[in-house]
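J.: When I checked Swiss-Prot for this same protein, it listed these features:
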DOMAIN    142-233  domain 'Ig-like C2-type 1'
DOMAIN    254-359  domain 'Ig-like C2-type 2'
DOMAIN    373-468  domain 'Fibronectin type-III 1'
DOMAIN    501-596  domain 'Fibronectin type-III 2'
DOMAIN    602-695  domain 'Fibronectin type-III 3'
DOMAIN    698-800  domain 'Fibronectin type-III 4'
DOMAIN    803-900  domain 'Fibronectin type-III 5'
DOMAIN    899-995  domain 'Ig-like C2-type 3'
DOMAIN    1002-1115  domain 'Ig-like C2-type 4'
DOMAIN    1118-1204  domain 'Ig-like C2-type 5'
DOMAIN    1225-1322  domain 'Ig-like C2-type 6'
DOMAIN    1333-1422  domain 'Ig-like C2-type 7'
REGION    66-87  region 'Disordered'
Amino acid sequence: MSSVAVPFYQRRHKHFDQSYRNIQTRYVLEEYAARKAASRQAAHYESTGLGKTTCRLCARRARSLAHEAMQESRKRTHEQKSHASDEKRIKFASELSSLEREIHMARHHAREQLDRLAIQRMVEENMALERHVVEEKISRAPEILVRLRSHTVWEKMSVRLCFTVQGFPSPVVQWYKNEELITPASDPAKYSVENKYGVHVLHINRADFDDSATYSAVATNIHGQASTNCAVVVRRFRESEEPHPAGIMPFHLPLSYDVCFTHFDVQFLEKFGVTFATEGETLTLKCSVLVTPELKRLRPRAEWYRDDVLIKDSKWTKLYFGEGQAALSFTHLNKDDEGLYTLRMVTKGGVNECSAFLFVRDADALIAGAPGAPMDVKCHDANRDYVIVTWKPPNTTSQNPVIGYFVDKCEVGLENWVQCNDAPVKICKYPVTGLYEGRSYIFRVRAVNSAGISRPSRVSEPVAALDPVDLERTQTVHVDEGRKIVISKDDLEGDIQIPGPPTNVHASEISKTYVVLSWDPPVPRGREPLTYFIEKSMVGSGSWQRVNAQVAVKSPRYAVFDLAEGKPYVFRVLSANKHGISDPSEITEPIQPQDIVVVPSAPGRVVATRNTKTSVVVQWDKPKHEENLYGYYIDYSVVGSNQWEPANHKPINYNRFVVHGLETGEQYIFRVKAVNAVGFSENSQESEAIKVQAALTCPSYPHGITLLNCDGHSMTLGWKAPKYSGGSPILGYYIDKREANHKNWHEVNSSVISRTIYTVEDLTEDAFYEFKIAAANVVGIGHPSDPSEHFKCKAWTMPEPGPAYDLTVCEVRNTSLVLLWKAPVYEGKSPITGYLVDYKEVDTEDWITANEKPTSHRYFKVTDLHQGHTYVFKVRAVNDAGVGKSSEISEPVFVEASPGTKEIFSGVDEEGNIYLGFECKEATDASHFLWGKSYEEIEDSDKFKIETKGDHSKLYFKHPDKSDLGTYCISVSDTDGVSSSFVLDEEELERLMTLSNEIKNPTIPLKSELAYEVLDKGEVRFWIQAESLSPNSTYRFVINDKEVENGDRHKISCDHSNGIIEMVMDKFTIDNEGTYTVQIQDGKAKNQSSLVLIGDAFKAILAESELQRKEFLRKQGPHFSEFLYWEVTEECEVLLACKIANTKKETVFKWYRNGSGIDVDEAPDLQKGECHLTVPKLSRKDEGVYKATLSDDRGHDVSTLELSGKVYNDIILALSRVSGKTASPLKILCTEEGIRLQCFLKYYNEEMKVTWSHRESKISSGEKMKIGGGEDVAWLQITEPTEKDKGNYTFEIFSDKESFKRTLDLSGQAFDDALTEFQRLKAAAFAEKNRGKVIGGLPDVVTIMDGKTLNLTCTVFGNPDPEVVWFKNDKALELNEHYLVSLEQGKYASLTIKGVTSEDSGKYSIYVKNKYGGETVDVTVSVYRHGEKIPEVNQGQLAKPRLIPPSSST
């Protein structure tokens, strides 16, 4: 037997070979094989019989043998089946018992394993708790016990940096080189890291010159972090091995790929332009560059400069050059990044460069009104525990002035910033003390003004707190054979214990708030580390005060604060080491705290000159006192706005600056202020106002030179004017010609040509000529155009017309444009009948004809163009002979509307003149506004007048009429194609004519037409309000065509300030029906308004007037200011209330209902002005007419409220709303009749609109389901509940605006419990109804005189008839002649006592009971003797029964 235990899940699996896969199949196969064998045997016999002659006996015998063999085979097969079945049964029984044993063993093992796991888990939890307690006790943040030490080593030496740190959990240590993480895996030959028992070591193998850096170690765990750093300086062994300047090699080396000695041709395909950005954004300046030839391993050097300072890859800037692009990316913009950026492509052939200015605006302040962030934070004069931080102040153009700065420091590798100064420092320089030697720090600065604190500046470059003198305290000694020995000066000083005093104590920085003292360490100084103590004394005091008594200074620098302003001080310094303190140094000269650097004076005269369409050049004179200037800030303002904006956000050092981002055509003024460390100068005087326009230059060259006609001796040329006139009007053109294949050009005209068409005379027939044209303005003559095609001087005789010329594109919009041209000079043999316009996209070859039929106009609007595509156009003239020559192809036109495109607008001026107006901000002094009608220049001065002022132009219509309808256009020269058109149709002209007529013939505008209002006394006021009325305006009222005058009946007045004219009629009667008109005149302006008061309108105002008069009279005595109204309180009470006024003590107030007075518990307090009547628990009986009356000697008033009908229903709805909010959840109450669902409310009335629902079906009240309620409850009675009554029940009460639902799920256990309780109560009620009981007849006490006969009779009841037994003193009464008992008709029971004696006194009881129970009634019998006083008995009290429960068998 194998010793290996079989798993439980494998023991349950049964394994069979092929023979046991299916026993039944195996038996079938065996039987089939036997039959097959018998069949073969029989066939064999038959075949044998065919071959031989066999007798019948032999054949019968053979068949008998075969039959026997078959029977034997069947018998054997049956026995095998029976045997197999027995084996199978035995096998299954054995396996079942084995399976039961295995299951039992598995359960046992599982129970043991579960117990083992429970015990193990308990032990682990206890151990974890104890471990957590222990860890909490020993947990602490990292603490550095031994810090890193700086090293100065020679090249090729190894450096071992080590420090000790403790903390729990064990800190994770990371090493940094100049803030970059050191990963030993990246350079395993250079770095290796060790950690043994908290001592961490960084090995730097074979240090070279590049390993000089600041190394930091940062230890971190979950409780905090700590860091230490040091400096490693690697020096070369020989001075001759210092690296040579670039390009000077002492021996031949492979040249670097960055050194370009191959000639390249560099072209800038796309340059970066002036850019505006905001602090905190990311930005990339890009230039597309074409370098020829393009070599993979050799290319030009791309250098980026900011204000002529080379930019290198850093945390803030990323450089890229490749794939035809040079890019400079800014990861996080700050104002430090503002400046003039230049990209220089350095090649052998020279330098190609492009420049543009980057402006960086302040980010949004965290606090409104706070200043911008300072910039350019730098560190100077770093030492062991001291550094001076400087910065540049922000420009505060629109903010309050800066009152000081806060300086923050942070140790490199950490993120916790610490504020260095408690009070804001006034100047842009601050000495930071208290640094830890060997650590590296970064700094930032925040500005403060009266509004708050600015955002922090960009952090400074890291600076290490090291003494630079330590590196100089080594000395080189030259020995024979060229060897050198490096020794430290400490080794030469001998054994010095107490150091000498410092020397050369002086003030290196003096300001109003502090003095920085500097000194030289003592010589000799000794080998022990030195510290210093500083003492000060006010001149004349005679006493010395130690400044740093608590903390010694390690650096030979110290900033002394807390000095009295204006008082001179002297200072001395003492050096100290572990052996003692030196003598004091020599006393300094008296030093007085004061600002050495003063605020600069204001810059001088500021001059602004034109530069481009969006920029202006600003120049100024430098201030008289410009010492220690940081630079200048320039501000600009739109003339008249008085709002100044900063032009630059970082001080510039030169006195000429180009201000960008200005709006074309706007006028600006400029001012400049100087800035240094102390602050800002006063603003300079403002410059003269200047309009932003491009500077005056020579015009650009003409283009599109076309031959328009030729007669064999002369040629007529046409051309297009230059795109840009240079800022001043073009005075004319100069033409040069030359014959083909000639070198020299010849002047055609000596004087300027004012038009763009000219006929060149004295030409040779059949010769070829080319021409070039130059334009001239006041600045000079511009560049000539490119030479034209070669034109042959041969007379034109073709019948078709010549080419159109001067194609001009205007009104370019997103999907359309307008094409203009001039008629051909050569018309052909017949007049021109029209023109065909063709166009195509630049990249296609097929031309498209825009108009199927020739147009007779010399303009055409081309539509259905694609936005963003570029097209070219040409025009062909047509006459009777056919289509003539095509014009020159126009310049490519990009179809897209320019941003800010403006259109012609129509209007009417203050004098009523109709005009068309246009505004063009891009217009310059040289621009002309050219108005046209149907694209023909307007020259008719009789019908039109043109006025142009600055960038606005208007076309006035002198005598507008229908002949002025049409299309008007305008184009502005010397711009980038600014043009527009306007269709003046009949509807628009009519609108303008109407508006013009209103202005020329003015009407007084009215705020409101003539209206009326009825005043409190029944007076009627008629009034009208105009927009405004002058004091000289006149008015009059007309009633039924008769003017009325101001008097007692008609009081007429006018409020000129508000424009109100009114007339008040004291008594308005039936005679006043008619038409009312008011007429107003104010200068030339007139207006009137009428009001018709007849028929129903008059009756309405008359009725209202009478009503107001009655109301006025009513209010003269006590009256109701608010008549009776009702409201529902939170307690579901109805409150009838009214408000009263003008009462006095004698005023009487009463309540009535249906004419009868109502008695109230407390008389109302009329002084409060309110009276209330409470109706609790409202019902139908409270319906009626309620009335309140007020009366005194001045009169009386009545208010009535009919509380019935709709009013009653509204109150019920209001009660439903208040009561519905207090509805409780549905509750179940079981009774003998069934199950009752109840909802309790503050108030319930059966007239409230409520519904009960079962399974979302509304329930109607009936025998099965009864709906009812009481004063504070609504219920649903389910009689004889069954299973069908299960489900959700909903009670909903409706108010006027909302409803309130309560739901109960009567199913499951809730229904079962309720049904059981109902059945119990039903049975109890049935038993109570049918049990045996005494209905009445027996008194509580009976008194009788002895000798009398006592008869106690009562009526009993029970179903079935009860058993009746009498007792005396709780014992069964023995019946005899003295005691007689009878029961008649099963319900009348009596006890007769004959001859009563005193012994018969006692308690008698009657016991009545059937199967449902019964009761016992006690009667006390008192017998007295003759002559005794009769005992007092309370008469009329019946005996109280005692219940008897039913027998347990019932």
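From the backbone N, Cα and C atoms, a Cβ is placed for every residue, glycine too.
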J.: How about the domain 'Ig-like C2-type 3' (899-995) and the domain 'Fibronectin type-III 4' (698-800): do they have 3 or more C-beta pairs under 8 A, pairs 6 or more apart in sequence?
T.: yes
J.: Over the domain 'Fibronectin type-III 4' (698-800), what is the model's mean pLDDT?
T.: 91
J.: Of the listed stretches (373-468, 602-695, 1118-1204), which one yields the highest count of Cβ-Cβ distances below 8 Å with the domain 'Ig-like C2-type 1' (142-233)?
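T.: Comparing 373-468, 602-695, 1118-1204 against the domain 'Ig-like C2-type 1' (142-233), the winner is 373-468.
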J.: How many helix, strand and coil residues does the domain 'Fibronectin type-III 1' (373-468) contain under DSSP?
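T.: The breakdown for the domain 'Fibronectin type-III 1' (373-468) reads 1 helix, 41 strand, 54 coil.
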J.: Select the range from 254-359, 602-695, 1118-1204 that forms the most Cβ-Cβ pairs under 8 Å with the domain 'Fibronectin type-III 1' (373-468).
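T.: Looking at each of 254-359, 602-695, 1118-1204 in turn, the most contacts to the domain 'Fibronectin type-III 1' (373-468) are made by 602-695.
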J.: Tell me, please, if the domain 'Fibronectin type-III 3' (602-695) and the domain 'Ig-like C2-type 5' (1118-1204) are in contact, taking contact as 3+ Cβ pairs under 8 Å between residues separated by 6 or more positions?
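T.: These two stretches do not touch.
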